[in-house]
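Chemist: Per Swiss-Prot, the features are:
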- Asn102, Arg144, Ser172, Gln264: UDP-N-acetyl-alpha-D-glucosamine binding site (BINDING)
Amino acid sequence: MAESLRERGAEVVFFGSESGLERELVPKAGFGLHALPLSGLAGGPASRARASLLFARAVVRCRALLRELRPGAVLGVGGYASAPAVAAARLLGIPTFIHEQNSVPGKVNRAAGRFAREVLVAFPDAARRFGRAVRAAHVGMPTRRQFFSASREEALRRLGLEPPVVLVFGGSGGALRINLAAAEAFRGQTPYSVVQISGRRDFPRLSSDNPRHRILEYAEDIWHHVTAADVVVIRGGAGSLFDVAAVGRAAIVVPYPHHRDNQQLLNARYFTERGAAELLPDHEVDAKTLRGRVEELLGDGERRLRMASSMRSLATPRAAEEVAERMLAAGREGTG
């Protein structure tokens, strides 16, 4: 979304948390970042009181910054880190948009959606979950264009991989159960390559004696890894699912099981019900099951092709442009 806005001549500035991944990723992408001291609302009364105080201070800080920056529009993408800027924009009458990535809206987006100019959703069903009083539209999930343009031959060459290729990716936060199962499942020799992207937290605990099993902490060029793969094992985060859809690959989805609203399970079902992915419940993940499911898909080329085609049909290549165009139009009008 930020790249689409910048290409249209807009200056893009991020507001985020001092402790979030954005502290590293946003400047690396060439965008300005105002990092705010924030804390989640988990914990006891003292922790919640501190979080509320930090939030109030962050709103005051955001209000001052927005007065200085004078943006045409503000976009909130959910989570407590986006809430102060959205609240400050509301107070100043700046047009505010919300993008909801998941099938089930989060608390911050539910609250912010009531006063947003428009709520833009990745999954069609999410629009109705905001209620009739909220103006919501399905635009899809903004996805980096590299996922749409990457070449498999180039990806295999760059990564030094021999097909077939299995990619195991737990998302930015990792996934311990999946990581441990994969490290065990693909030991010894395999007639296929395995790339396992573990995340920072789990990486020190993992190893493999399989020369075709590569374990990485992080992959900046994740689009090359998805493009190189024949089968992808992922969590049910919206970003990961739509990244795989952009490339068009058969996927085994292991939703994170501890969200109160089954957010990742519902995300995954959108794809599994359309024949684009298979569901593997988290509690069923072990080395034997994971390897069996992967090899079953690798051994059925026709099925993989059908799944890949269905997955690709669910991609939303114009989502970022849709968001950018709506924000720029609101900025030109200049009213909240």
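For all residues, glycine too, the Cβ spot is worked out from N, Cα and C.
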Chemist: Going along the chain, which residues six or more apart from Gln264 (UDP-N-acetyl-alpha-D-glucosamine binding site) have their CB under 8 A from its CB?
Modeler: Asn102, Arg235, Gly236, Gly237, Pro255, Tyr256
Chemist: Can you tell which of the binding-site residues (Asn102, Arg144) has the fewest other C-beta atoms within 10 angstroms of its C-beta?
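Modeler: It is Arg144 that, of the binding-site residues Asn102, Arg144, has the fewest other Cβ atoms within 10 Å.
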Chemist: Determine, from DSSP, whether Asn102 (UDP-N-acetyl-alpha-D-glucosamine binding site) sits in helix, strand or coil.
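Modeler: Asn102 (UDP-N-acetyl-alpha-D-glucosamine binding site) sits in coil per DSSP, no helix or strand.
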Chemist: Helix, strand or coil for Gln264 (UDP-N-acetyl-alpha-D-glucosamine binding site)? Use DSSP.
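Modeler: The residue in question, Gln264 (UDP-N-acetyl-alpha-D-glucosamine binding site), is helix (DSSP, three-state).
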Chemist: Sort Arg144 (UDP-N-acetyl-alpha-D-glucosamine binding site) into helix, strand or coil using the DSSP assignment.
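Modeler: SS state of Arg144 (UDP-N-acetyl-alpha-D-glucosamine binding site) = coil.
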